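Colleague: I'd like to ask you about the structure that follows.
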Amino acid sequence: MKLTCVLITTVLFLTASQLITADYSRDKRQYRAVRLRDEMRNFKGARDCGEQGQGCYIYPCCPGLTCLGGGTGGGVCQPQ
């Protein structure tokens, strides 16, 4: 009888801990996606202007920089 009670208690405890862990990991995945989205927004390639030394054939240069050497291959952003 004691062994049966111990087994039932153990099974209930393990089931409850799995349910709690599954709930927790689902929430973590959601927040991880938000964090990754924010990191992608701040990614170097996601900017709308070229920084010093970067090409200016796709995006215009950032404020304070000028596109120099704009031949067929495009120019490079340099200080004014």
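Glycine is treated like the rest: Cβ placed from N, Cα and C.
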Colleague: Name the residue from Cys49, Cys61 that Swiss-Prot records as disulfide-bonded to Cys77.
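Modeller: The record-listed partner cysteine is Cys61.
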Colleague: Which of Cys56, Cys62 is the other half of the disulfide bond that Swiss-Prot records for Cys67?
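Modeller: In Swiss-Prot, Cys67 forms its recorded disulfide with Cys56.
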Colleague: If we check Cα distances from Cys49 (disulfide bond), which of the recorded positions Cys56, Pro60, Pro63, Cys77 wins as closest?
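Modeller: So, of the listed recorded positions, the one sitting closest to Cys49 (disulfide bond) is Pro60.
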Colleague: Taking Cα atoms as reference points, which of the recorded positions Pro60, Cys62, Cys67 is nearest to Cys77 (disulfide bond)?
Modeller: Cys67
Colleague: Counting across all protein chains present, how many other Cβ atoms fall within 10 Å of the Cβ of Cys62 (disulfide bond)?
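Modeller: So the number of other Cβ atoms within 10 Å of Cys62 (disulfide bond) is 15.
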